[in-house]
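Novice: OK, Swiss-Prot features for this one:
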- GLU320: active site, proton acceptor (ACT_SITE)
- CYS354: active site, nucleophile (ACT_SITE)
- GLY300, GLN301, ILE302, SER303, THR304, ARG305: NAD(+) binding site (BINDING)
- ASN215: site 'Transition state stabilizer' (SITE)
Amino acid sequence: MQSSMLLRVRALPKTASVLSRTKTATYATYKVPRIDNEPNKHYAAGSPDRKALQEALARTQRNAPLSVPLVIAGKEVKSSSSLTQSNPASHGPVATYSNATAKDVQAAIESALEARKSWASTPFADRASVFLKAADLISTKYRYDVMALTMHGQGKNAWQAEIDSAAELCDFFRFGVKYAEDLYAQQPVHHAPGVWNRVEYRPLEGFVYAISPFNFTAIGGNLAGAPALMGNVVVWKPSPSAIASNWLVHQILLEAGLPKNVIQFVPGEAEEVTKTVLDHPDFAALHFTGSTNVFRNLYGQISTRVAAGKYRSYPRIVGETGGKNFHLIHKSADIRNAAVQTVRGAFEYQGQKCSATSRVYVASSIADSFLEQVASEAKSLKVGPPSDFTNFCGPVIHEASFTKLAKVIDEAKNDPELELLAGGSYDSSKGWYIQPTVYRTTNPDHPLLTRELFGPILVVYAYPDATEADFARIAQKIDATGEYGLTGSVFAQDREALAVANDVLRNAAGNFYINCKSTGAVVGQQPFGGARASGTNDKAGSGNLLSRFVSLRSIKEEFVPTYKVAYPSNEA
């Protein structure tokens, strides 16, 4: 089944008329291709896909470090200073990249603003085609290259790179087109006699600032791509730990036909780039994924400037940040399923997903069996470089993360409320490696049950379960513990228990899972995001997110003229 889309078409010859001088002269109904999720490849031993990916990994390694410039005014710019993105599995260089100065950022902003009028008036059919083409390029020509850069640069194994930099990135671009089509189709449903009412979804007046994280290549593409799809111009600052893959995504968009100055690519020191952006009066929106503390700081900086009347418009602020995501396991749960899902949720990509499982509350009556399986599975996970396909876990992203997590492990050795069940070791001799670590705590208020760690450390508490009231109480404890509200899962076969958890935990997670892990949201299936300290919950992978990057204009046109000033009620 295909769906209709209202598209602006260049149909009139160029004359002196106003209509013919724009790209919005006529309207026609089109149909976009059917949108489906990108099929996953599995990279089994001996498969052609594994061979192709291994070749891309070897080629990327031979060509390292990749030299990444700034892209300003459609031109590649080498700055006077450069920085290095390191491979977290080896400490070797993945890319050297230009470090944007305040002057560079100012030039990027001005270039973006110059492109705004042309891009904003480009028919949606043309804008949509860029992103559909980019998705096809990622799916085919560049699939293994973008995966290889993600694996080398961000420490993901083959499967994690596949579901991120290949599949999810394609899904963001394709479903974005579908959601934009649906948004544009939302028009007034009633028209008085002789009146035509309509709504125009205008791009924001100014530019969008996209700050992307290290942990998902797809998020980088979406943070810059979603506003651009809606006709906005973007200044994109990628994470210093994801430069190589993000650079390739930008190049793919250009190859797909994106005008070169619509998205400005400006890697650099966060403080200097951000200050220059936020000081500009045409700053129109922030699109952010990263830490809660950084987002709060940015929110405050923007608010201060709003209070001072700095901006032309009130900036939109869209952010997805951290989480302290839970698994709640009822005594009726399938224990094996709960254990396997917990190990996957906690240790896939070394626990560096904002949705990663980091705290578990399990019924005491099944705790021993559950913990035995979790500990056994955690101990069996192979840890090492992603280029070895047998490794389930790779390195954590950088030295700062490694140091923080190693300190947690060291401090836990002297904590009487923690029992080490698996892991508890680390190694930085070649790469930043933390063994998958599981603790059992006797304290339901232990700090490790509230503090976001962003690494492969899982803490489990066994709660009393003599009565069903105990289950409701532990659900209330989860809801009241910690400041986040991103993801969470409940495991139970008892439907009444599921109903209790669903009700009590209604605000504890923006993505709530039943009998499955707290990670793995799929574009087009589970829109992603949370509230509380986890962000603005605008739901990546949904039409709601796109609505944040348009400014509506209501238009009323009357076809019947009015010739009398007085109303009937004014008559004598």
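Just so you know, glycine gets a Cβ as well, placed from its N, Cα and C.
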Novice: Given the recorded positions GLN301, THR304, CYS354, which one's Cβ is surrounded by the fewest other Cβ atoms within 10 Å?
Specialist: THR304
Novice: Just to confirm: which same-chain residues, 6+ apart in sequence, have a Cβ under 8 Å from the Cβ of SER303 (NAD(+) binding site)?
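Specialist: None - SER303 (NAD(+) binding site) has no non-local Cβ neighbours under 8 Å at 6 or more residues apart.
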Novice: Closest of the recorded positions to ILE302 (NAD(+) binding site), Cα to Cα, picking from ASN215, GLU320, CYS354?
Specialist: GLU320
Novice: Judged by the number of other CB atoms within 10 angstroms, which among ASN215, GLY300, ILE302, ARG305, GLU320 is the least packed of the recorded positions?
Specialist: GLY300
Novice: Under DSSP, is GLU320 (active site, proton acceptor) part of a helix or a strand, or is it coil?
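Specialist: DSSP call for GLU320 (active site, proton acceptor): strand.
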Novice: Rounded to a whole angstrom, what is the C-alpha distance between GLY300 (NAD(+) binding site) and GLU320 (active site, proton acceptor)?
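Specialist: Distance between the two Cα atoms comes out at 16 Å.
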Novice: Cβ within 8 Å of the NAD(+) site's Cβ centroid: which residues qualify beyond GLY300, GLN301, ILE302, SER303, THR304, ARG305?
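Specialist: Same chain, not in GLY300, GLN301, ILE302, SER303, THR304, ARG305, Cβ within 8 Å: LEU278, LEU298, TYR299, VAL306, ALA307.
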Novice: List the Cα distance (Å, whole number) between ARG305 (NAD(+) binding site) and GLU320 (active site, proton acceptor).
Specialist: 22
Novice: Want to know which recorded positions, from ASN215, GLU320, CYS354, are within 10 Å of THR304 (NAD(+) binding site) at Cα; which are they?
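Specialist: So the list is empty; none.
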Novice: With DSSP assignments reduced to helix, strand and coil, which class does ILE302 (NAD(+) binding site) get?
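Specialist: DSSP call for ILE302 (NAD(+) binding site): helix.
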Novice: Given the residue listed as 'active site, proton acceptor' and GLN301 (NAD(+) binding site), what distance in Å do their CA atoms have, once rounded to a whole number?
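Specialist: Counting only the Cα atoms, the answer is 17 Å.
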Novice: Between the residue listed as 'active site, nucleophile' and ASN215 (site 'Transition state stabilizer'), what C-alpha distance do you get in Å?
Specialist: 9
